[in-house]
Amino acid sequence: MRLQTVSIIFLVYIAQTITHLAFSYMNASIYAVHPDDFKQYTTTRLRELFLLENLFLTDNITNVYTHYDRLIVGGVNPVTKNLSLLSYDALKSAYYLERREMGIINVGDAAAVTVDGQTFSLEKKEALYIGQGAKEVVFHTATKGNALFYFNSAPAHKHYPTRKVTLAEAETVELGSLESSNHRTIRKLLVNSVLPTCQLQMGLTELKAGSVWNTMPPHTHDRRMEAYFYFDVKPAEMVCHFLGQPDETRHIWVKNNQAVLSPPWSIHSGAGTSNYAFIWGMAGENLDYADMDAVKPENLR
Ligand SMILES: O=C[C@H](O)[C@@H](O)CC(=O)C(=O)O
Ligand SMILES: [Zn+2]
């Protein structure tokens, strides 16, 4: 009896450790989902396969290698020391960006990133594109406050120049209205109208006070996957993110600083309990931001 109790406690401990390892995302990978299988998922399974909960771990770089266009979604939180971007097992490369490009957006306090000896200081919401071939990337601690860098990295076969992009340099669009609760500013930071990239597109969208809906009406783009990273979600507020084929949608409740994956066949849209901001990042077959198949709200199921 006593031995059984001990064994159960041990098994529970092992299970907790494995779960913790799988979902704390120091280095994790996520396989792609077929839309027919998607229909069967429980809330728990949906969250395991689409929600990235713990991207920021103190003094760590977190990598989630997704099998959606091999986009890596990651977070960096240098607190007591600067952190170097190192290649790891999943990449089987001499250095991280040997066959990849990377886009970084600062979502914390002002902090710098050094790329092959060149230092770029990034204010909150500023972006840095790092071209394929960069060997040494170092994320610095913030001089004041907490440094939080969100990044996306995609396979790349050509080097384009590393460049910082400020909010003033972004292509900015205002969409929606307060009447339809979706008044928002879209800032296209790392897109082909601003700078050349191989396949990565990134930007950020901010909702005006009183507006809660992003990407409504929604769309799909079968040629590109997308990842949404929600930030500036006020304490105790949440975002309800919608995913799935337009006629078979599900939802995931998302907290501040969490990301959601959107397969090419899925809509990606959300409604918050208050206004918030989010980063969108895409990889795939073209660099045409306007390549979207719009869905009329009346056709959503
Ligand atoms: O493919 C583009 C992306 O889904 C986002 O840029 C949409 C968005 O930010 C919005 O409408 O609020
Ligand atoms: Zn989209």
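Cβ atoms here come from the backbone N, Cα and C positions, even for glycine.
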Out of H159, H183, H268, which is the one TrEMBL records at the Zn(2+) site of H219, H221, E226?
H268
With every protein chain in view, how many other Cβ atoms are within 10 Å of the Cβ of E226 (Zn(2+) binding site)?
26
Least buried of the binding-site residues H219, H268, going by other Cβ atoms within 10 Å?
H219
Additional residues around Zn(2+), ordered along the sequence, whose Cβ is within 8 Å of the centroid of H219, H221, E226, H268:
T215, P218, T220, R224, S262, S266, I267, M282, M292
